[in-house]
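Features reported for this protein in TrEMBL:
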type	residues	note
DOMAIN	529-676	domain 'STAS'
TRANSMEM	68-88	transmembrane segment
TRANSMEM	95-112	transmembrane segment
TRANSMEM	118-135	transmembrane segment
TRANSMEM	147-172	transmembrane segment
TRANSMEM	229-246	transmembrane segment
TRANSMEM	258-282	transmembrane segment
TRANSMEM	321-340	transmembrane segment
TRANSMEM	390-410	transmembrane segment
TRANSMEM	442-463	transmembrane segment
Amino acid sequence: MLSTAKRVGNRIIGNPEQTVTTISTETYLKGIQVVKDPRHEAVKYLTSLFPIFGWITRYNLGWLTGDLIAGLTVGMVLVPQGMSYAILASLPAQYGLYSSFVGVLIYCFFATSKDVSIGPVAVMSQTVAQIIIAVDAKYPHKWAGPLIATTLAFVCGFIVLGIGLLRIGWIVEFIPVPVISGFMTGSAINIVAGQVPALMGITGFSTRAATYEVIINTLKGLPRAKLDAAWGLTGLFSLYAIRIICNQLSKRYPRRARLFFFISITRNAFVVIVLTLASWLYCRHRKTASGNYPIAILKTVPSGFQNVGAPVIDGELVKALGPHIPVATIILLLEHIAIARSFGRVNGYKINPNQELIAIGVTNTLGTIFHAYPATGSFSRSALKSSSGVRTPLAGIFTAIVVLVALYGLTPAFYWIPNAGLSAVIIHAVADLVASPSQAFSYWRVSPLEFLIWLAAVLVTVFSSIENGIYTSISASVALLLVRIARPRGYFLGKVTLTRNLTESREIFVPLRKDGVTNQYVKVDPPTPGVIVYRFEESYLYPNCAIINSVIVDHVRENMRRGIDFSTIKMADRPWNDPGPTRGNSLSAEAANNEKPALHAIVLDFSGVSQIDTTSVQALVDTRNEVQKWADRPVEFHFATILSPWIRRALVAAGFGIGTPAVELSNEIAPVVSHRGGRRDKLLDDASSVGVEDIEAHSESVPPTSGTVPIVPVETPFFHFDLISAVRAAEAGVEKPRERAKTPSLQI
């Protein structure tokens, strides 16, 4: 009774009673690892959130020395940069110190990179400034700039934290390197252009406008330059001079290279101190009645943390920030992951992208308690940290101590820091983010299309905004990816015989068309007449199956003999969509057609196919039907190098690979609308019947040695381990066409 019910059920769903052995869902589910001890796995997961536990027990004095030097070094750079970037973000200078402290302190507990330094960065600061302006323009004076920035940090940090906890950090892989480089280059140009007016003391226009407008207005305003230029230009010149001189001295005196390196990295602090001292000496007795000074200075910076506590999150403000959250989140995670991977590659370790996203998320979420604004990885400070000999992420604690000392002990001295000097620090740091000509040319050499995306990112950022530049470049990259999937490369192959020492030789298959890879003077022999060999270079999926179907069918119609003699068919009996040659040239067309070989077999190289789906299998069935209709005879389909058991399962379901006569196979494997009353049941039953003689005729030959087994199951004789055996099997059938004509041709 049970077997009868099972047989009826199989017939209803179209499952043949005799099937070829393929992978089953049951096998797949059994292969999934089941958690045997949930408590242990939960503890393991929670422990993995804090990588510091993996190395802190091995901490030693040698590591401490390297971390102390690197931490103090980065701290001396971070303090002036943090205040400068806060000014860039349209925030009071102390908010840069808040973000700096929280970033370096919290990151060390969650980090998988020893080199990355978290804190305020130029691109994020510029984006925060643009968001503050946009929100304030829509809701005038409703929220203060610091509250907008802190809320943005909380929301973006929460989103990034969620991405990391859910382990979906792989989404950042959809953003390629040229996109990152493009918007970083464009953003750097944008920032530099916006800081030059402050460097020169030029006012009277918005430095947040499009870059080209800022450049034009700056050139027009040069005659209005103020005394600030003396501090700004001097500071900028000094920063570059110290770096260049120290680099040259390091090359000239290699033994003292370490000394010159540390002199060079202190240039930010040194220049700011000197400019501050000069500002104090010049301005202290020149205060006007309105409380201003001859040059723009930082003025009062509150000491310590102000109003530390739970963040105030206004729902209406979050709603107002909605359109700007995506771009801020992208910058937050993208810049950090790119930097972490870069230094991991250079220094020989591997980061965990999901854990890094957790670190960024926690840093920005908890940072709102200290009223910090969005912070992420800094390329310049990370490079400095790496060069200083950092050993572990614990160096961030020493950097936090430096920031804490500056926040509680040095704020009175910050009063006299000239704004032009901070602009010089920003320009000096950001200019290194601009891609060099050699880097841009490398994009062109590797992929001209990606170079165009890089160029689009730069131009849109310069002539519009950072936000538009990011969206444009990401959209272009996704579009290029889809085009590459939907329009894959594929080649019809021919044979080349390689000879070694005039005694050993072997056959390889290369494109018949000159592809620029093989030597142009090598002669490529086509396969045996009647055999076509085609190689896929992309997964065979629904976006590209139609184009591949057209390529193969068009090649068959152009190079293979048409099986039907249209000269014997009346015009009224010919199909409307394929009328054949006209009466006037039917004889010449028939003569030309008879010179072409009769199609016997098509060999498909699946070595580049890792995925296949229902639509593509149906397209392959359509291809089989179309070429057999053209040839007016059964055509064998051989498959080489199938990579996945699921691909094998899908092909078998469509009747490929087995020894079934092709003329009795179903025309559809996945009909959109079921055709009632047809021959589906019979066709499926026929498709599952495998003849023993057929198998023996087409399976790979196996020596009759005890203990040997075929590498490919004998029940699928048209699936081959490699391309050579597939082509040989296909060509073997061409040698005896008359014998094969007496019996039904094998599928295919």
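Heads up, the Cβ atoms here are built off N, Cα and C, so glycines get one too.
Computed over the domain 'STAS' (529-676), the whole-number mean pLDDT of the model equals 82. Packing against the transmembrane segment (321-340) from elsewhere in the chain are residues 112-113, 115-116, 118, 121, 123-124, 127-128, 131, 134-135, 148, 151-152, 155-157, 159-160, 163, 169, 172, 175, 177, 180, 184, 351, 353, 356-357, 360, 364, 374, 376-379, 382, 466-467, 470-471, 474: each is 6 or more residues past its ends and has a CB under 8 Å from a CB in it. Counting Cβ pairs under 8 Å to the transmembrane segment (68-88), the stretch among 95-112, 118-135, 390-410 with the most such contacts is 390-410. Here the transmembrane segment (390-410) does not lie next to the transmembrane segment (147-172) in space: the count of CB pairs under 8 Å, restricted to residues six or more apart, is fewer than 3. Sequence-remote contacts of a segment are chain residues at least 6 beyond its ends whose Cβ falls under 8 Å from one of its Cβ atoms, and for the transmembrane segment (118-135) they are 78, 81-82, 85-86, 88-91, 96, 99-100, 103-104, 106-107, 143, 145, 148-149, 152, 183-184, 187-188, 190-191, 194, 208, 317, 320-321, 324, 327-328, 331-332, 335-336, 359-360, 363, 373-379, 381, 396, 426, 429-430, 433, 465-467.
Cβ atoms under 8 Å from those of the transmembrane segment (147-172) belong to residues 89, 91, 95, 128, 131-132, 135-136, 311-314, 317-318, 321, 324-325, 328-329, 332-334, 337, 353-365, 367-368, 371-375 of the same chain, restricted to positions at least 6 beyond its ends.
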